[in-house]
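For reference, the structure discussed in these notes is given below.
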Amino acid sequence: MTRIDAHGLKIAPVLFDFITKEAAPKTGIDPDAFWAGVAAILRDLGSKNRELLKFRDTLQDKIDAWHLANKGKAFDLGAYTAFLKEIGYLLPEPATQKVETANVDDEIGKICGPQLVVPLTNARYALNAANARWGSLYDAFYGTDAIPHDPSEGGKGYNKARGDKVIAKAKAFLDAAAPLATGSHTDVTAYSVIAGQLSAKLKSGNATALKNAGQFAGYQGSAEAPSVILLANNGLHVEVVIDRSHVIGKDDPAGVSDMILEAAVSTILDMEDSVAAVDAEDKVLVYRNTLGLMNGTLSADFEKGGKTLTRALNSDRSYTTPSGGTLALHGRSLLLIRNCGHHMFTDAVLGADGEEIPEGILDAAVTGLLAIHDLKGHSKVKNSRTGSIYIVKPKMHGPDEVALTVELFARVEKMLGLPENTMKVGIMDEERRTTVNLKACIQQASKRIVFINTGFLDRTGDEIHTSMEAGPMIRKNEMKAQPWIKAYEDWNVDMGLIDGLPGHAQIGKGMWAAPDKMADMLAQKIGHPSAGATTAWVPSPTAATLHALHYHQVNVKARQDELTKGGPRAKLGDILTIPVSNSNWAPDDVRQEIDNNCQGILGYVVRWIDQGVGCSKVPDIHDVGLMEDRATLRISSQHLANWLHHGVVSKDQVMDSLKRMAVVVDKQNAGDPLYQPMAPSFDGVAFKAACDLVFEGRTQPNGYTEYILTARRREAKASETAKA
């Protein structure tokens, strides 16, 4: 490939052309000036980026040495804490300073609800997520195990017996979220609007109204026979759809054919953990899809029922208000964009030294450029209505790394002529050093922060790697019951409340990873809003619709007030308690643990390496589909690396399991025409990558999987090109 030279940079032609011909036009930014700005930022911040990465390694070496020096001794939390302070890992907690982030959209500062995460490599998935702001409750109940499936309800077409259960459950939700003054929504035979109030005629012939008249937010159609009733509860909206000609509405006493819930309030468009973007072509695909979302042109064709359908961004929704005015509601999820972390490098651009440049610097510059299309109103639909660009920054270790991000964003703003603090930052609290210094991290970004979020899987991966020399870790499935996990989750909310995030920023919780287990999600994920979180991650638009029910059940703002009055709950000592085990596991337990980890690693890695799929529903060892990305890979590979290092398992045991599980994964993927089996040769690039992740896991910086995955994916792509 012949690269294009610009201001000392050597740029891949596909990226150069994208910036020149697609991204820059209509922004007012000259492409040459853009590259001059990127080059200047790299000159000033590139070395600082590398110094911070070296400091990570220095701290890890010192922590390893401390554990080795104290091997065989009882763990002394006091001595350990003092040591972490001495080496600069644990910093003094700063005085409380409330955040000052301004110009945030309501989806960030006011509305509590679900958050989707979607790979930017897949246009249709990205559009589905952006459009998941509104979702059918009837469909979500009918199509999932949220209502248990009865074998008698099988067959093609609409099953009325199951439909009746769905309607009953949905009406029960409505009775709880927007109750009538008398009676139940089940008893309503007609809704109408009279003198600006919602009137509900009951089977008895009497009319009633809402218990709280203020919950009636608007309607569509005529006042006498509205086609949609809009209700509000805890900041979220519900549409009651009325259509007596519909297959469901014709049998409903009130003609109700569906309930549409405000669901995915926000969505993270991911350039990081859920994508496999290893070269300039991949990066341009990610950037091009981002551009299409920012300027409103993105569309995707797909086949359904023998027809080709086109998906595009939904329009806003319009209603008549109770007073006769017009109400417009956002028709799409507010979009945040997750850039790569400081530790990633890309060959899409080479620096003056011929080396790959920090990928996060390129991401920030390009994201800012692309978002100008939204800020300038080039799309028929707006993302931010307050003039902000929302960027989630992952895998930062401590406040100095947050400070680098803040400086980077300031430089990009200056380069692009954007007002100061236009580029907002979401801080992923997924690394141990960020957790223990979270207050200082927040304060470094006090005028930009719009998001803090816990991520159990990555955070556990860093927990294992940081304390690799402390001893063998407990079994993976026992990790969630450990004291450090609860303390970590509570600490995040505590710090968010202390620093005044409500009204300025989201406080988020992690992913529900089992998209087919919606009954379990309904039972368990209510814990996230109950913990004071304003948002939490879900794996699909359907899951977003169902998780929205929790925000109708829990008034998060009231819960946050309760927590604030109660004071901080988490203790630093619990967070620093290392989850090592003294157990002498039975051979069957060890084999089960190895097999579980190996199967999960192979099931994810084989698609990443061979097909470039960075996030997908991967069957686990029991054939339960789980959403996998690099975070799940990190914990599994680090856990095996830890057990190998401490002699709990041998290399031969792990290799035997990898080969047996490769056969299992091959069978699970037998229906995929693009799949390349790993057995019986076990010499493919994907299998080798899985082996590298385990057997080299202890020496990978912070236990990250990206370096091995990227190298092996590039190898696989080169092999494909050679064959072609």
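The backbone N, Cα and C atoms fix where each Cβ goes, and this holds for glycine too.
Record check: Swiss-Prot places Arg338, Gly455, Phe456, Leu457, Asp458 at the glyoxylate site, and the matching candidate among Glu430, Glu431, Glu489 is Glu430.
Site annotation (Swiss-Prot): acetyl-CoA is bound by Val117, Arg124, Tyr125, Ser274, Arg311, and the candidate from Pro515, Pro529, Pro539 recorded at this site is Pro539. Residues within less than 8 Å, Cβ to Cβ, of Asp629 (active site, proton donor) and separated from it by at least 6 positions along the same chain comprise Asp273, Ser274, Tyr604, Gly614, Cys615. Highest local Cβ density among the recorded positions Val117, Leu457, Cys615 belongs to Cys615, counted as other Cβ atoms within 10 Å over all protein chains shown.
Within its own chain, Arg311 (acetyl-CoA binding site) has Arg124, Leu127, Asn128, Asn131, Ser299, Ala300, Asp301, Phe302 as residues 6 or more apart in sequence whose C-beta sits under 8 angstroms from its own. Packing around Asp458 (glyoxylate binding site) is summarised by its Cβ count: 26 other Cβ atoms lie within 10 angstroms of its Cβ, all protein chains included.
Among Arg338, Glu430, Gly455, Phe456, Leu457, Asp458, the residues given in the record as binding glyoxylate, the maximal Cα to Cα distance rounds to 17 Å.
Among the binding-site residues Val117, Tyr125, Pro539, the residue whose Cα lies closest in space to that of Arg338 (glyoxylate binding site) is Val117.
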